[in-house]
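Here's the structure we're looking at; comments come further down.
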Amino acid sequence: MAVIALKCPSIEVAVVDISVSRIAAWNSDQLPIYEPGLEEVVKQCRGKNLFFSTDVEKHVFEADIIFVSVNTPTKTRGLGAGKAADLTYWESAARMIADVSKSNKIVVEKSTVPVKTAEAIEKILVHNSKGIKYQILSNPEFLAEGTAIQDLFNPDRVLIGGRETPEGQKAIKALKDVYAHWVPEDRIITTNLWSAELSKLAANAFLAQRISSVNAMSALCEATGADVSQVSHAIGKDSRIGPKFLNASVGFGGSCFQKDILNLVYICECNGLPEVANYWKQVIKVNDYQKNRFVNRVVSSMFNTVSGKKIAIMGFAFKKDTGDTRETPAIDVCKGLLGDKARLSIYDPQVTEDQIQRDLSMNKFDWDHPIHLQPMSPTAVRQVSVAWDAYEATKDAHGLCILTEWDEFKTLDYQRIFDNMQKPAFVFDGRNLVNVDKLREIGFIVYSIGKPLDAWLKDMPAMA
């Protein structure tokens, strides 16, 4: 919305939320999320044609186009538990729109939603319409966190799905005209509703699949002495494959990949396609396997026990340049190590102690509910401390795990870190970030994902 306001000075944009604290943060100097370049955009437009408000009904009443970006968490109980999307928040938003509207509206799905959501929303609006006409569009978001502002300024494509009726086409054109202020016409793709909804799930499934594919290869590389970076480089040179999303790592995270694949799986099952469902399920299984494998490497390297040992966790966000911890692999790795009674000292340049404690004490899908419905202040996990910097985190530690590829981790003084650690000192590089040879020269025992194994590790079982 901030970018739309910046690029379309003639359009008034209001962002509304029922959370008072969230809106207060958007109106303050300390925005509630970290994203490079976002603050400048917000400050340029706020108070001119970009407004943040808790007066939801007033702004819905006044709007011509309403973007709905509410949470669509994975259900934890009932029909489709663990896979299906929970549309509770979506439905209440739709009912509220129907209650307060006095003029025709275009309602745009912005949240990632399961296919056919539009149809359900349309029914709610039409059955409560009081003679008002609604058009539903699907306009899924393809930005990536960390590069979101650039992705919005210069998108690969903008996708708008709508009904194939004259009214539907008119609504598509209205939204297209908004994006056309800065996006070249040939990059704005229009489709039917279902295609737009499914394209988003499919795009995320394909991206996640690439990560799981290269991570599966990384396990084979370790077993055979191949180097996954060399393999990735070689296959990435094939123009049909391309070099992106081929970095082996401890696993993918983020709010969408797992959720969208689970959703895709559920839709396939509901439509009598178990073979297709199982195919996509495997992408998540390999991701879970990769996280477990990493934990097992850590434990087996350290004489098969980490009980009472201090282990430094470097990075908690799911990727660099964001403070977002949703579904970050760090959560499962930390929980795995805590399960073996390790003491953890965690450092991340953008994630608060409160967030880390909350993530480690929350149940699997709790994070995806609005904050006031999440479990109250977490019971701090006792064996976890949060450090101010990497040097404090690693002091007296037996091992350090790199779980986020923050640039600053490349330039740390590893000699200083080594001198202050217990010996033997281990580095477990979950992002293939460090210079392995240099670290071995200093004296570290190094494990890098998908790289030929340190002699020390060769004698240790890969999977306990």
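Even glycines carry a Cβ here, placed using N, Cα and C.
Just so you know, TrEMBL annotations are computer predictions that nobody has curated.
According to TrEMBL, the features are:
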BINDING   Asp17, Arg22, 70-74, 111-112, Glu145, 256-259, Arg326  NAD(+) binding site
ACT_SITE  Cys256  active site, nucleophile
DOMAIN    312-436  domain 'UDP-glucose/GDP-mannose dehydrogenase C-terminal'
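Cβ contacts within 10 Å of Thr112 (NAD(+) binding site), excluding its own Cβ and spanning all protein chains shown: 21. All chains included, 22 other C-beta atoms sit within 10 angstroms of the C-beta of Cys256 (NAD(+) binding site). Here the domain 'UDP-glucose/GDP-mannose dehydrogenase C-terminal' (312-436) has, by DSSP, the following mix of helix, strand and coil residues: 42 helix, 19 strand, 64 coil. Within 10 Å of the C-beta atom of Gln258 (NAD(+) binding site) sit 23 other C-beta atoms, taking all shown protein chains into account. Here the Cβ of Thr74 (NAD(+) binding site) has 20 other Cβ atoms within 10 Å, regardless of which shown protein chain they belong to.
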